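Asker: Sharing the feature lines straight out of TrEMBL:
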- A:9-30: transmembrane segment (TRANSMEM)
- A:95-324: domain 'ABC transmembrane type-1' (DOMAIN)
- A:101-122: transmembrane segment (TRANSMEM)
- A:134-162: transmembrane segment (TRANSMEM)
- A:197-217: transmembrane segment (TRANSMEM)
- A:255-276: transmembrane segment (TRANSMEM)
- A:305-327: transmembrane segment (TRANSMEM)
Amino acid sequence: MLKYIFKRILMLIPVLIGVSIIVFLIMRVFSPDPAPIVLGQHATQEAVEVWRQANGLNDPIYLQYFNYITGALTGDLGTSYYTKMPVAKEIFARFPATIELALVAIMLASFFGILIGVISAVKKNSIFDNAGMFIALIGVSMPIFWLGILLIIFFSGTLHWLPSSGRIDPMLQPLDITGFYLIDSLMTNNIDAFKDAFRHLVLPASALAMYSMAIIARMTRSSMLETLQQDFIRTARAKGISEGRVIIRHALRNGLIPIVTVIGLQLGSLLGGAVLTETVFSWPGIGAYTVACILKSDFPVVQGVVLLIASIFVLVNLIVDVIYAFLDPRIKYSKKEV
Amino acid sequence: MLLEVKNLRTEFKLKRGTVRAVDDVSFTIDKGEILAIVGESGSGKSVTSLSLMGLIQKPGGVAGGEILFKSQDLSKLSQKELQEIRGNKISMIFQEPMTSLNPVWRIKDQIMENIMTHMKMSKKEALARTVEMLDTVGIPSPAERANDYPHQMSGGMRQRVMTAMALSCEPDLLIADEPTTALDVTIQAQILELLYQMREKFNMAVLLITHDLGVVYEAADRVIVMYCGKIVEEADVKTLFEQPQHPYTVGLLQSIPQIDNESDEHLFMIKGMVPNPLHMPPGCSFSDRCDRCMERCTKEMPELQEINGHKVRCFLYDKAEEGELSAK
């Protein structure tokens, strides 16, 4: 198992090299020249040349890439053209917000998705099934920004229950330890901050969770329908155990494997930055920030973010594969199968 | 009398019509007796056994009749009351040992679940009982094998595990639904031998569901032959094999390959196919496949009648038509 994990981590290297080359080329081929954007419309040709020279943009492209990748290997991802701050610092200032939002969203999505899926499968073709699948249909079809705006209008505007934007009331901001406000506020015993951070999370996390929840609910339903037909379910019933136990301990435990895959994929894409959600709710995360940087041709930041997201995506998939082995004892990652 | 089934009817309500999978079936099982139900696929034998356990899934259900187990009518019980009987007083082993065990649970956990559901035992006692049961059904080094997952065992071993699980609460009745069908011939013999020993050891009755007449001959005391949801013949095993009466039973017995038959004749086949349950022939359901079909057979369904403990559903033996057989 350890050997398998190690091999998978090694396989990360070619993936990251490939991703870095692609994003490097795309930025340089399709993005406008950053110099006039950084220096302003009225910058002299001379100033532009000096800036390009200073930022290595006049070198041949393979040399630019070589300089970039050798820097990245030593942990130096470059500095932002605008803030002059190291890219790593820029990213890690915003990434916890995205992770916090994504994790809360995926927890909501998994809980309600599995719940709806199981009920729909067990009560197949009943009113519960139809209602559940109707919600799932809305979830996959509704544009997230529209859902976000509706939530803001209703819960924030009409009812005044929840805040519509930001992560926390700036007056309550907890000490920055991990960057996760929920954890930081608990660690500093700041209950008011925890409550406020939580209230700020509810709407964006719900909006973000809706799509994933719909996907998970549909997957759970079909997986459970298949599992409930299996012979061992009949055996479990013949043992005289309660139907609830048959469904949870026997059917769901077996039906969970494809569901875990879907949850992993969804989490990967949520961590990649929920651009629309972050924009609608003014969430200070990585997604909205990256879009701004793409528009401003801030090459080093965009490259750094894409590398980070690619690594996380691969790692989440690795974690899913490891979870498989725990869920299903028939899966063994031996040498042959890798 | 341990079990008395009276006029059992089980129906499946499909969009295209209602299928009566079990139609007016009555039989009894005594304590310690092995009763076999024989029939082709679709004859209703498995549905009969699942009906006894209350395990028919929607859109099916028991539509009528009584299932008296120790004079308690199982068909009137709630699912909750049935759960107390299932796996405890009546337990079941199934055809497919490869898929009938939960693939993600260790076998000890599956057996312990059965024990702890019905017996007031601590985890430790239940584990001890599990190992004891695995030993009883002939699994070598049971304490170690208890930690295996089903995929680490062979088909025969898994069927032994199923048997251990079914017997763990010492049931009064074991329903064995095609317990040997998916196994090699040598393993089949071992499992049958095991059922025999267990019957002796626990003095339980066995309802053996099978399509294999060889298995019936070896194991059963009494035999019921089912066709299209109805009992067509019932007799003790010796009588049935020596003097089969219903043309369907005769056909079944003739279609067993004989190893000492040296003639070049093809193996006997019953002509035609089992009719579509939504379009049963009027009259006797076997009439369109029967060599001795009479005009009457295509119009009326014969009654099951008893002659010297030998029951048969056929006009050939009708009291009105054959005087001598009707003499009781």
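Cβ from N, Cα, C; glycine included.
Where in this structure would I find these features, and how exposed are they?
Answerer: Remote same-chain partners of the transmembrane segment (A:9-30), defined as residues 6 or more beyond its termini with a Cβ less than 8 Å from a stretch Cβ, comprise 61, 64-65, 68-69, 72, 297, 299, 302-303, 306-307, 310-311, 314-315, 318.
Here the transmembrane segment (A:255-276) has Cβ contacts under 8 Å with residues 98-99, 101-103, 105-106, 109-110, 114, 117, 143-145, 148, 204, 208, 212, 215-216, 219-220, 223-224, 226-227, 283, 285-288, 290-291, 305, 309, 312-313, 316-317, 319-320, 323-324, 327-328 of the same chain, all six or more residues outside its ends.
If you look at the transmembrane segment (A:305-327), the same-chain residues 6 or more away from its ends with a CB under 8 A from one of its CBs are 1, 5, 8-9, 12, 15-16, 19-20, 23, 72, 77, 91, 95, 253, 256-257, 260-261, 263-265, 267-269, 271-273, 286, 290, 293, 333.
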